[in-house]
Number of protein chains: 4
Amino acid sequence: MEESKSEGAAMAETGLTHECGVFGCVAAGEWPTRMDVAQVVCLGLIALQHRGQESAGIVTSEGTGKQNFNVHKGMGLISNIFNNDAMERLRGNLGIGHTRYSTAAASEVINCQPFVVHTAYGPLSLAHNGELVNARALRQQVHSRGVGLSTHSDSELITQTLCLDPPGGEGERPDWPGRIRHLMALTPLAYSLVIMDNDRIYGVRDPYGNRPLCLGKVLPEGADAASCQDVDVEAWVISSESCSFQSIGARFVREVLPGEIVELSRDGVSTLGVVDRPAGRPPAFCIFEFVYFSRPDSIYEGQTVYSVRKESGRMLWRESPVEADIVSSVPESGTAAAHGFARESGLPFTEVLCKNRYVGRTFIQPNTRLRKLGVAMKFGALSEEVAGKRIVLIDDSIVRGNTISPIIRLLRDAGAREVHIRVASPPLKHPCYMGINIPTKQELVANRLDSAQLAAHVGADSLEYLSVKGLVQAVRHGAKTKEENSGYCTACLTGDYPVRLDW
Amino acid sequence: MEESKSEGAAMAETGLTHECGVFGCVAAGEWPTRMDVAQVVCLGLIALQHRGQESAGIVTSEGTGKQNFNVHKGMGLISNIFNNDAMERLRGNLGIGHTRYSTAAASEVINCQPFVVHTAYGPLSLAHNGELVNARALRQQVHSRGVGLSTHSDSELITQTLCLDPPGGEGERPDWPGRIRHLMALTPLAYSLVIMDNDRIYGVRDPYGNRPLCLGKVLPEGADAASCQDVDVEAWVISSESCSFQSIGARFVREVLPGEIVELSRDGVSTLGVVDRPAGRPPAFCIFEFVYFSRPDSIYEGQTVYSVRKESGRMLWRESPVEADIVSSVPESGTAAAHGFARESGLPFTEVLCKNRYVGRTFIQPNTRLRKLGVAMKFGALSEEVAGKRIVLIDDSIVRGNTISPIIRLLRDAGAREVHIRVASPPLKHPCYMGINIPTKQELVANRLDSAQLAAHVGADSLEYLSVKGLVQAVRHGAKTKEENSGYCTACLTGDYPVRLDW
Amino acid sequence: MEESKSEGAAMAETGLTHECGVFGCVAAGEWPTRMDVAQVVCLGLIALQHRGQESAGIVTSEGTGKQNFNVHKGMGLISNIFNNDAMERLRGNLGIGHTRYSTAAASEVINCQPFVVHTAYGPLSLAHNGELVNARALRQQVHSRGVGLSTHSDSELITQTLCLDPPGGEGERPDWPGRIRHLMALTPLAYSLVIMDNDRIYGVRDPYGNRPLCLGKVLPEGADAASCQDVDVEAWVISSESCSFQSIGARFVREVLPGEIVELSRDGVSTLGVVDRPAGRPPAFCIFEFVYFSRPDSIYEGQTVYSVRKESGRMLWRESPVEADIVSSVPESGTAAAHGFARESGLPFTEVLCKNRYVGRTFIQPNTRLRKLGVAMKFGALSEEVAGKRIVLIDDSIVRGNTISPIIRLLRDAGAREVHIRVASPPLKHPCYMGINIPTKQELVANRLDSAQLAAHVGADSLEYLSVKGLVQAVRHGAKTKEENSGYCTACLTGDYPVRLDW
Amino acid sequence: MEESKSEGAAMAETGLTHECGVFGCVAAGEWPTRMDVAQVVCLGLIALQHRGQESAGIVTSEGTGKQNFNVHKGMGLISNIFNNDAMERLRGNLGIGHTRYSTAAASEVINCQPFVVHTAYGPLSLAHNGELVNARALRQQVHSRGVGLSTHSDSELITQTLCLDPPGGEGERPDWPGRIRHLMALTPLAYSLVIMDNDRIYGVRDPYGNRPLCLGKVLPEGADAASCQDVDVEAWVISSESCSFQSIGARFVREVLPGEIVELSRDGVSTLGVVDRPAGRPPAFCIFEFVYFSRPDSIYEGQTVYSVRKESGRMLWRESPVEADIVSSVPESGTAAAHGFARESGLPFTEVLCKNRYVGRTFIQPNTRLRKLGVAMKFGALSEEVAGKRIVLIDDSIVRGNTISPIIRLLRDAGAREVHIRVASPPLKHPCYMGINIPTKQELVANRLDSAQLAAHVGADSLEYLSVKGLVQAVRHGAKTKEENSGYCTACLTGDYPVRLDW
């Protein structure tokens, strides 16, 4: 067990990298309960594993005022980090967990979340999904109070900011909700937080609602959800995505509102207030949660992510139809949109590529000839489906544009007559400062080539993106929220950031 | 690095387990060549990883008469076993590799293949896919010659049998082909072998052709396959499945025939003979290679496995139609058949389940309540696709019958009106003695419940299997071989074994 | 790579555990130099490995104002933590390192030193040997300023205290020496510190000089130390013990004085001041550094630890002579004293026990019968040396008294006629609050049994300790410092602590 | 868990490497017993760890005719290989174990012993200490019978030779003792073997007795060895060295005779015969077991190895006296001889070097300057003992002569006036073909420099070796065997091999 860091971190080399997932659980009723909180958190995190595969951690509290937490963190996949030994040590009636994305650098145990800090009032633990747009200014502010920071992480920055008295603040026991409000005044986005005190968890979503956060409840086995009273609830859970509720047998309750602070305790869930945005500013929920990040079965605004993706495929056909024989997708990223495209166009959907699930991170460096094969190691063409066909291939997004070209070659080698690319999202052109790892402007192919040029570059017969308007329409199409209460961050597509970035 | 074994091995607890994959490569032309043989073998094995994830190994020879091989083996996934250091040590102009299935017991480095044996004539290496039906008798025969065996593996048994002079045989240099023919006379099936001598590789398929084996060639970059002469070939390759050729940029040449012995040397590929079956006995190619084991893009009898699966879905509709709104599958096993079923029936195909790719082997033992969730950890229902629908759910096969029930519950919880199960293969009722790890008769649900009883047991509105006849028709439908030259082992379905099992 | 902690840590189960070792190095002259600073630090730490085997770390700085450090830490022995990869990343012109003692709990990467903290003025790194007697009060003081602490370590506590402005302090660049003086005013002992700023290292020894710290210099190869000018120095080094200088080819310069702050920069070493003790209070150098902790070839007060131990053996004979045939020791702890005892008494020294160097931490739990053998696994009796002899066996110290008894039995089994125990230090009776892990009062056998009772308890014919006065005389015997400038902490023997412990 | 081998193995770079250790245990009386055989074997092996640190293994049998053994092997130190899980699986009433020496190459699990082979008569397991002088001829003989060998190890060669019927041999159950005698006729040396059948262990020592082997017995707790009848024995043990008996609480019974075959069963120990040497040939016990390999507390010919080493020091003084102030040794190898030298000469023994126990295999490659320090990393001079002194430094042997030179420099730097080297064994000049890894003739410094030249080369004031005659006298001095029944292999010193080496 060792770790090394060069603090000036290198960027990840892949496309978009997911960010993080947070999860929390408080057993309801009298403590100690028979509910195994650490297991619930662990299984909840496994359902959020697509949001980050670098490291994970769980912190539990017995909630008895005993001044310590139980902590287990590690590098790698959750299923490798948590074994029975760890689970047994993670006793507690409440707990929070975190799973973190993977970048080449800064992969160290010290940066694993949840972050634990010891304060005058006992331990506090925090897990964060997002990125503070004004982290630099906030760090200076903390430093100027004479406080050192042992990591570069926003989590430590947030906890130290919470510890430092808000101007004018004093007193015996800390007013954590007040301090959270103070923090929210200092930094507008982006954050979904779960914060654990001795005996309660605070869930916080930034005023713009940039990152998702939702509430669920665990009912007794065999309970009928409809008739069930809250008195029967076994545990309250809070999670980045609702997909994790299915996997622990919990029911989805609702999304946490933009700017809302909720408190989960053994007595239930209550709202401690909602922090407003500046007048006239709409919410700015990351639209790429629909396009790419979230699991298809997660629910936002009353609809599954899957149905939005399918709708974006329908919209894509309407905007950019093409004469073809079959519709297909790059597995598994564009399949939902491809089904929508097929349904709307009437063209048959057919699988054309077979994916090798075992091509992982290989430690060998193939020679040039073999390296060129690249994608062929990952996919095999289903020759009989492809031979002689005009194919529309749907992808969810194009970042660097270097994976689509060998796929097209593979299909042409297998006898495809035409290959038309349709991308179920608009061109990616701008960096994200709110938690998504997007390559530099230079590396984003859409800043160098328009769609016609890109088609020529990758060897496609045609290539079209979905428009921003079309994407928003696809999102709104099935949304159960009123239009005036929702809004999306499309900064990476439009350059229109939710707040000014001149900190 | 350590290993432990209780030699009385426990059976694996999962359903069917894949068997093994073998691969070989000989660089053509003058040696030493610039072809990196070990890398070709490694990437070829990665494409066969679905055939075994327990362990893997590569053995290379420089082919110069120097009396040693380079060997690297290990437990786990290929991408973790082979790093640059290992690759550098695996110098050579020819090499063979093996990837092995996973069972709980007998997981040890000593059983990793390829097996290497030192003989009077230098080292010999061998990799085996299959299982000798008369292993016990053959072991006794070897023992009775005063030879001990250091493992329980067929590979060692085969190599020692090859070493022991065939009755009457004598001479300076061993007649390996003659000894291989002798071996084939001693044991009828099941084996696909790659055997490496100092400077050549023998590929052997048992007379019944029970396990697959096929030939390919690596052409120079940019070569036009059609016009290319064999003089230009860079390397000859031999593999369990043709899918591995795509991933190394090689061309599929043909399948090795049942009973055929081929020799791969720097000078090309030649047939050293074909061993006959007893008069009137047809080949017995494992039909489950089509149903379950092989990768969809692999080619047998001139057709992709994918197209056979799709055809079996069409046949399934014809045999067991049902009134429904949508057709779907348990990802990813039944998808090809589901597409065939949808096309034939005219019903729309829709995804209804989302799979969590990160639910692997978890080391925690959840409490009863959470364990019951089981499959819910692995799948999430796509509620909007399911609500109010009559669903036909296609699965490729049913072994123990314990995974389908919680999936149906998940779908009903998400609002499915009806759930009809259609299984794209016949009921599994008999053990396999030819290399597939099938549960005991007791555990095979088809020996306890008929389809109506099973429907009730798992909570389906109906459940039907494909017939044996229907499956064979689906396989024959697109086959490019003449019917009289092909034949399938359906023993696990019918109890009709290719040879008498009274050894 | 993972870690788990139960924050309420369990105590170590062994006897006295060593504390920690610190090391620092600044390359002299123009930067960048060809001096490989990280390697010097690493080899220096290896020579301090006896002071802690749990974890180690190195932090380097290029000293160019670039605002980051290179960090590598890990669990286990230094030789396993630092490989060539790590060394290459640890570029720099100056660096500090730390090796840490082993306890069962709190073994985590997060607690590895050196601690790195980011401040308004750039990164600061610190390594600490010792324990703050008023840590609790100091933590409260830090907490009351609104600062959270992410670990329970003194290192973080000290760095945060250094960061927080001293009352009245202000300004652009921090006056680290001033802040260090402020820290020293807040906490009297026990600490030897190496603190690294961007381009210099501060060495600090607490006013009582409780923990050792000394200075050395690396001369060019072949340099004659005597004639050498400081202008020729290649690097300045600072270390817990002078033994580390031999192992990197450096020359011992002098000990850092109690209360002294030294600064090591590329320009040389200078004293920034010496903080006084309260009037009349003598230094309190831990006398167990002589008895047990330090390596025999380390030098304090102008004499080797080895010669002090030998002298303590002479003193022991004078205080407690005994009629016997041979003098021996428990290898390897009491050998120096045994040689002194033999020389003073005229009795021959003979080895009587042979040590198995490979009995380490075994992971098997032997059954009762084998567990009773215990010490016999570790030692074998040299029967011919023992048979029929009256033996005086010298041990350096007795803590729990449970290892001496089976050794005596082993000797008697081998034919020893009499076994007399002589302990080269006084009875251990009191806890240490200054960095040594001493068992509880209950566990210290000297609190339960006097020497006669203990002799009976362990089966010795007689057992005598060295007196406190005798030990101090042995230490003073060869000391090159004036008596009025030296003084020793004998708290664990006498209960007489250097400061009041009522924080 | 993986392994790689280049079969043409590199030689180890160190001096002499130890060979191997073997151990066996059979529980006496009715089976199953409460004796934990695997633990006894494991602890026995730990006491033999100095004979090999590369890998180890244990094989147990329940002795009930159930046709399998329990096996656990691994790379590294015994304490890391065997944990409680492994111990639990190693059920059995009898078992054998092996610990193996370390060389850079051929470090693989496949070569770990004990070797297990499955025969017509059930499993057989074998552990071997030594090296067959005619291995090549024996391999050809086995190969010519049509038997392949899967390793290059003598162990497999021996087991296969045992399996192959001896000419004329036939029958139902194998006559293992007869086959062992046949083996002994085929190969004269060097081997000490423990061979386990289903329910008994055979111990075999080659006719020349080149490698040690001895018998012991475990008595009930509290038993008086003298009065104890064999009926009370709890277990019989057999081991390379008697030091292992102390560590498991067993009593030394006797050495196995040269050429003797002993059988250990639940009923006791019996001799199955003693194979003679050619007429007039004396035994050839490796004299380096006394000089270097064995643990000091092991007993051969009725005397401890320690006492022989001490006697060789006395002899050394008589042969090569020198005027000096103190006698010392390089810890820990020459200490026993140094004590003998001191006693005989009347000069005082003083320690002059302090050893860093933590300098292990470092993974960093120091730059030239630091590499030159080499030995200084490992030793520190005890300056006060050395300054102004004329030192006689005793070493046990000199192989390459490259470690003594930096030690002399270290002593001179610390103020030594003169340094005289005395080596307690004769010059090493010839290779060993009987199990010891000795560098090539070129590398043995004694083949290049005589003692005067070597003294100059290493910077000593004088350097003398013990004569061969003196060494043999030292060995004979305390031996309890009659001179005509003992004899020593001194081939590495004299070139006089026990048998002709023209195979």
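Keep in mind that glycine also has a Cβ here, set from the backbone N, Cα and C atoms.
Caution: TrEMBL annotation is automatic and unverified by curators.
Residues B:CYS432, B:CYS489, B:CYS492 are given by TrEMBL as [4Fe-4S] cluster binders; from B:CYS243, B:CYS286, that same site also lists B:CYS286. Residues B:ASP395, B:ASP396 are given by TrEMBL as Mg(2+) binders; from B:SER328, B:SER333, B:SER451, B:SER462, that same site also lists B:SER333. Same-chain residues that are not part of B:SER333, B:ASP395, B:ASP396 yet have a Cβ within 8 Å of the Cβ center of the Mg(2+) site turn out to be B:TYR292, B:SER329, B:VAL330, B:GLY334, B:ALA337, B:ILE394, B:SER397, B:VAL423, B:ALA424. In this structure, the binding-site residues under consideration are B:CYS432, B:CYS489, and the one with the smallest number of other Cβ atoms within 10 Å of its Cβ is B:CYS432.
For B:CYS286 ([4Fe-4S] cluster binding site), the number of other Cβ atoms no farther than 10 Å from its own Cβ, over all displayed protein chains, is 28. Taking the Cβ of B:ASP395 (Mg(2+) binding site) as centre and 10 Å as the limit, one finds 20 other Cβ atoms among all the protein chains shown. Across the structure, B:CYS286 ([4Fe-4S] cluster binding site) and B:CYS20 (active site, nucleophile) place their CA atoms 14 angstrom apart. Cα spacing between B:ASP395 (Mg(2+) binding site) and B:CYS492 ([4Fe-4S] cluster binding site): 18 Å, rounded to the nearest whole number. Around the Cβ of B:CYS20 (active site, nucleophile), the same chain contributes B:ARG51, B:GLY52, B:HIS98, B:THR99, B:ARG100, B:TYR101, B:GLN113, B:ALA127, B:HIS128, B:ASN129, B:GLY130, B:SER240, B:GLY435, each under 8 angstroms and 6 or more positions distant in sequence.
DSSP classifies B:CYS492 ([4Fe-4S] cluster binding site) as helix under the three-state reduction.
Annotation for B:ASP396 (Mg(2+) binding site): spatial neighbours B:VAL291, B:TYR292, B:ARG309, B:SER333, B:GLY334, B:ALA337, B:VAL423, B:ALA424, B:SER425, criterion Cβ-Cβ under 8 Å with sequence separation of six or more. The binding-site residues listed here are B:SER333, B:CYS492; among them, B:CYS492 has the most other Cβ atoms within 10 Å of its own Cβ.
In three-state terms derived from DSSP, B:CYS20 (active site, nucleophile) belongs to an extended strand segment. Within 8 A of the CB centroid of the [4Fe-4S] cluster site residues B:CYS286, B:CYS432, B:CYS489, B:CYS492, the other residues of that chain are B:ASN210, B:ILE287, B:PHE288, B:MET434, B:ILE436, B:THR490, B:ALA491.
The secondary structure of B:CYS286 ([4Fe-4S] cluster binding site), as reduced to three states from DSSP, is extended strand. Mapped onto three states, the DSSP output places B:ASP395 (Mg(2+) binding site) in strand. The domain 'Glutamine amidotransferase type-2' (B:20-267) scores a mean pLDDT of 88 in the predicted structure.
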